[in-house]
Structure formats: structure tokens, C-alpha cells
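**Q** Below are the features listed in TrEMBL for this protein:
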- 9-327: domain 'Glutamyl/glutaminyl-tRNA synthetase class Ib catalytic' (DOMAIN)
- 16-26: motif ''HIGH' region' (MOTIF)
- C113, C115, C140, E142: Zn(2+) binding site (BINDING)
- 259-263: motif ''KMSKS' region' (MOTIF)
- K262: ATP binding site (BINDING)
- 346-488: domain 'Aminoacyl-tRNA synthetase class I anticodon-binding' (DOMAIN)
Amino acid sequence: MSTNTTAKKVKVRFAPSPTGDLHVGNIRTALFDWAYARHTGGTFLFRIEDTDTTRVTDEYIQAAIDTLKWLGLNWDEGPEVGGENGPYLQSQRLDIYAHWAQKFLDQKDAYHCYCSPDELEAVREAQRAANVAPGYNGHCRELTADQIAAYKAQGREAVVRMRMPDGSTTFTDEIRGDVTFDHKFVPDFVLVRADGSPLYTLAVAVDDVLMKVTHVLRGEDLLSSTPRQIRVYQAMGVAIEDYPVFAHLPFVMGQDNAKLSKRNGEVSIAWYREQGYLPEAICNYLALLGWSPGDDRENVTMAELCELFTIDKVHSSPARFDMKKLEAINGDKIRALTLDEFLKWSLPFLNKANVITGSDSEIALVKQALPLIQERIVKLDEVPAMLRFLFVKDFKVEEASLSKVTDSASKDVLKRSLAELTPLTTWNHESIEAALRTSLIEEMGLKPRIAFGAVRIATTGSTISPPLFESMELLGKDASLARISAAIAL
Ligand code: GLU
């Protein structure tokens, strides 16, 4: 079968079934879909596959919408945006699927199947025993009117099943090349449940056709559903040249080489967001999971991704998720923020951690302090701990560092510091540093780590803080001296 390579305007869709928050794997797919649409000047369509009403909730649907927005993966057709092929929630398209299922029945491409779950299980059991491929055995394919009447009289309800002809399906996957499925392993499949609700295979194929999707880029886990979808296109009467092009993205494995799961990194994007990962960092990192720009660069902006993303640069071998690399990229993206951007991203974390209440004076001080930590953090959730000392009302030295300021050598350092700093008339990091260096390092002969360590703990409460002299400048003379006095008294 030839694939559709004519110069038709590209339309790519992202079609999640939000049965939970979107995860790394979903978002990698969304990102590649989006990037391909943007690269080709095509359309990015977003469709919610919510026909499984027992598992998809309104809350998860909204979370999926919010996540795409937060990541900057804007769509041209879909929820909230609309478009000429809507509605974009499959739960609002049930009449469309019912129409096609009926048409397939009328055409004899599909048939009613009255087999009960117990009977189907017995068939599977027999297949297992005989060591043959599992799947529906075609029992109801050619029922007579009498047999149907008898089943109905028993009160049986029917599902609608698609008839798979003998033979095989071959299609060209843009990443994997030609892929063939022998229909021996693609048994007749259910299109509509007994309660009338459509199954994924029916809805996805009907929608891809009606919504004029040209490219299906999605995870490799869906590769095996492709022959069934192609069967639906055939039954719909779609010409081969109008089938979408398929490209199945490689699996994402965890660092331990096992399939990505909660245990090895496959947590929701909401979690990464709470941890203080920037959307650009997540997108940059996910872009490199199974794709490369053609050189070994690791820093890719969204604009570069759009410019460079082509399917031929997607790998066919599995990608490996590496949390350390994601962290490193996040640190790079934080360093690349302007001060105003860094402020915008940091404030919600400071508010949430109750470090600030959000007053103008607090925000002004945060803005002065942020440049001190921009080089030092890799995630935004580190900001509150780093800056808390500037705002805290009942300041205390952290428990773990107490012993490092209460010994007699530290007390000597603090007493000398207090004596040298008290007379300073100009309070800035240069004057503070000069005073402390002369007295503690040159005159007392201490190592900087020992000398400044005690002062750091006394004034910021912790061994980890922004640079000391700048921190003391921002804290102010009165508070700095009061904290040093308090530490001496500990
Ligand atoms: N709704 C399907 C899923 O979330 C994906 C549909 C598709 O990409 O074909 O698994």
C-alpha cells in the first residue's frame, strides 16, 4: 500500500484518553505532533478520546487542556478553540459513530455478535490449550435469521463486530518502514459494545477520517491497532491515498531499561510542574527522547524545535528517560531567564511556601535577591528555602546547623564579626566582605570556610544560602547584627 505523500496540507492530531493526568509519554507524543504541525505550517488538532466514561473524568479532561496550555503546545482545532470539524470531545460525537456502525452492518462489513463473556472465555481457553493465536473465532459471522431470533429470545444483547477478511495488511510507517500484519493475528474486533457505546478503534478511525487528519504520530504501543483502523477506513470507503500517514514513536524506557512507569520517571506532568520544572525545559528534554536535531546539541528552544523537527530524524529504537539530564536542562533554562521572567516563575513558589504574602516591598526584595541564586538552583522549588531567611519573622538557626555555631571557636568568630561590623557606616557587600576578610582571615588566620561558615549560619540560619556578603547586604545591618548577637547567646 502506498502512503500519502502528496503535498496536501498537513494536519496532525493529539488524541489522548485522559484517564489520569498526562504523563511523560503522552506529552512526548503531543510535543512531536505539535512540532511537526508547526514545522510543516500545518494544523495541530487536539481531540479528547473520552468514550470510556468509566475512566475519563471532566477533571482529567480539564487537566489535559491546562497541561498543553502550560507547555505552550497551542492547538488550531480542538476544545476551547473550536474548528470546522468539531465537536472535539468524542463523547459528543456518539451519533456519528452509531451512524457508521450501522452503515458497516448494512454493508455486511460488520455483524452482530451474541456470544456471551463466558462463551468467549471458553473459546480463549480452548485456543490456549491448542496453542493457537487467541482471538474471536468468527462464531456469529454467518448467523441465520432463526439463530438470531433464538439469541434474542434468550435475552442476549449483541455487540457489533468488524469482519476481518483473510489476508494481511501492509502499511508504510514513516519511522519503521513497511509493516505487515497477518490477519490470522487480527481477529474480528468489537466496534460497539452491547450498551451501544463505541470502542476506541471505531471512534479513532472515524474521527481521523472525518477530521481530515493527514498524519498520525503516536506511541509505538498503538502500532498493532493500525490494521484495525485501516479496516475501518476501507469500510468507510476512503481511498488509499487519503489514509493518514502513520508514524509510531519509539517507546520511552526508564533509566533501568524497563518500560517507563511511575517507579522510574513516568509521573504526571503536574508533578514536574510542582517541582519547579519550566515548560521549556520539559519540552526541550522530551524533544530529545527519540528525536535529535541532527547534531549533538542538547539545548533546543521551542522555535528551533519547530524549525528542525522532521520525522526522518525520529529514531526507531527506544529512548531512555534520564532525570539527571532533565534537571541539568532545567538549570540551563532557569539561568537563561530574564530577571522579570525568573521573578514571575518564582513568586508562586514563594507564595505557596508562605515565605512572602505578596506585598510590593517583598516582591522588590525578591527581585534583588533572585540574581544571587539564579546560577545555583536547578528547580524553582529550591527558591523558597534559599530566600526564606530574608523574610522570616521568628528567625531561628536550623536544627542541623546549631552545633556549628555554638562551639567556642565559632563564638569567637561571631564576636569578632559583630565587633567589626557594628561600626560600619556603609552597609554593602563590599564593605562587609572587606571587614570580615581583614579581621577573620588575615588577623585571626582562619580558613574562609570556617570563618564565613559560622557567619552564614548565624545570619541565614543554614549552611546553604545565596552568597554570604550579598545576603547580609540584603538582610540589612540591623537584622544581620541582631542575628549574630542572638547566635552568640545560643
Ligand atoms: N486515545 C488513545 C490513547 O490515549 C490514542 C489515540 C491515538 O493516538 O491513536 O491511548
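Numbering starts at 1 and runs along the chain as it is shown here.
For all residues, glycine too, the Cβ spot is worked out from N, Cα and C.
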**Q** Quick check: which same-chain residues outside C113, C115, C140, E142 lie with their CB within 8 A of the centre of the Zn(2+) site CB atoms?
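**A** Neighbours within 8 Å of the Cβ centroid, excluding C113, C115, C140, E142: Y111, H112, Y114, G138, H139, R141, L143, R161.
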**Q** Is K262 (ATP binding site) helix, strand or coil when read with DSSP?
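**A** Going by the DSSP assignment, K262 (ATP binding site) falls within a helical segment, counted as helix.
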**Q** How many Å separate the Cα atoms of C113 (Zn(2+) binding site) and K262 (ATP binding site)?
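**A** Computed Cα spacing between C113 (Zn(2+) binding site) and K262 (ATP binding site) is 38 Å.
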**Q** Determine the mean pLDDT over the domain 'Aminoacyl-tRNA synthetase class I anticodon-binding' (346-488), rounding to the nearest whole number.
**A** 96
**Q** I'd like the number of other C-beta atoms within 10 A of the C-beta of the residue listed as 'ATP binding site', please.
**A** 11
**Q** Any idea what the Cα distance is from the residue listed as 'ATP binding site' over to C115 (Zn(2+) binding site), rounded to a whole Å?
**A** 37
**Q** Just to confirm: which same-chain residues, 6+ apart in sequence, have a Cβ under 8 Å from the Cβ of C140 (Zn(2+) binding site)?
**A** Y111, H112, C113, Y114, C115, A158, R161
